[in-house]
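Straight from TrEMBL, the features:
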SIGNAL    1-21  signal peptide
DOMAIN    22-310  domain 'Plant heme peroxidase family profile'
DISULFID  32-106  disulfide bond
SITE      59  site 'Transition state stabilizer'
ACT_SITE  63  active site, proton acceptor
BINDING   64, 67, 69, 71, 73, 80  Ca(2+) 1 binding site
DISULFID  65-70  disulfide bond
DISULFID  112-306  disulfide bond
BINDING   185  heme b binding site
BINDING   186, 230, 233, 238  Ca(2+) 2 binding site
DISULFID  192-217  disulfide bond
């Protein structure tokens, strides 16, 4: 069984590599030259209205790519959206608005998967983070992923460092990619149940930090309580997340696992001391993540509405 699984993984990685090679940053230059500017303008407006939306749009891209590749399956109404790890996702309305604007200038040309990838980049930039060139040409899946795929591929906030490295590695992402992508937690918020166990039961957490969180997050319940993943600069994309880890102020158990006497400690130290090192690694990791098993060529479809497959 192990050899079969290993062979399947190698085939998956090979297929992903072959497909990603077909992506191109100039994909829409002729077919829809105003696409990227339209997406950027809409993202900037949404983030200006609510800074947290930048983190929400970035998270949508993560949750899409990690399950069955960057194919916009997460946008199909119901389905994956109803699975546990995805229940707190938001920003679907912003993507729907962007899609409507893009459809108005280029009918059935720009995929929802590409809109997600570009919106993620533009969200980071809007909050002061790095930019990168997004390879384009993904197509949309007509089918959502199964609940099994969702739960197997979206790692819970209780994950150990070993589980994180393995989970990201299964998708072709290195430990450095994993730590850099975790740095997305420099923006956004988490719900109390996702950090309850860490603040009440873990010992690798700053006591004053844990006490301050307990004031609003009870040991049980608290589903509507939220806290910023980066308490230092919660709405600015910077490297403060890693400095927080050095002080044992990671909000999630999985955050603090990155700096807990393990193999990724030095990566965290490097990112904490060098904003440019983090920015560069994050940009590289986002391109790598965006290359996970895209549908290209005649695969999939270009949905006219992101929330439903074409009839």
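Every residue, even glycine, has its Cβ placed from backbone N, Cα and C.
Known features from TrEMBL, placed on the structure.
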residue	record	contacts (Cβ under 8 Å, 6+ apart)
32	disulfide bond	102, 105, 106, 109, 110
67	Ca(2+) 1 binding site	73, 74, 80, 145, 149, 150, 153, 154
70	disulfide bond	61, 64, 113, 116, 117, 138, 289, 290, 291, 292, 293, 294
71	Ca(2+) 1 binding site	64, 113, 138, 139, 140, 141, 293, 294, 295, 300
112	disulfide bond	72, 75, 95, 99, 140, 303, 306
185	heme b binding site	229, 230, 241, 251, 252, 255
186	Ca(2+) 2 binding site	129, 229, 230, 233, 236, 237, 238, 239, 240, 241
192	disulfide bond	216, 217, 218, 221, 222, 223, 224, 225, 226, 227
Expressed in Å to no decimal places, the gap between the Cα atoms of residue 63 (active site, proton acceptor) and residue 69 (Ca(2+) 1 binding site) is 9
If you draw a 10 Å sphere around the Cβ of residue 69 (Ca(2+) 1 binding site), how many other Cβ atoms fall inside it, taking every protein chain shown into account? 26
Rounded to an integer, what is the Cα-Cα distance in Å between residue 69 (Ca(2+) 1 binding site) and residue 59 (site 'Transition state stabilizer')? 14
Look at each of the disulfide-bonded residues, 65, 106, 217, and point out the one with the fewest other Cβ atoms around it within 10 Å. 106
Looking at the domain 'Plant heme peroxidase family profile' (22-310) alone, can you tell me the average pLDDT? 97
Radius 10 Å, atoms counted are CB only; among the binding-site residues 73, 233, which position scores highest? 73
Reported as an integer number of Å, what is the Cα distance between residue 59 (site 'Transition state stabilizer') and residue 65 (disulfide bond)? 10
Determine, for the Ca(2+) 2 site, the additional residues of the same chain whose CB lies within 8 Å of the mean position of the CB atoms of 186, 230, 233, 238; present them in sequence order. 187, 232, 234, 236, 237, 239, 240, 241
Using a 10 angstroms cut-off on Cβ to Cβ distances, just flag whichever of 64, 230, 238 is the loneliest among these binding-site residues. 238
Would you mind checking how many other C-beta atoms are within 10 angstroms of the C-beta on residue 80 (Ca(2+) 1 binding site)? 24
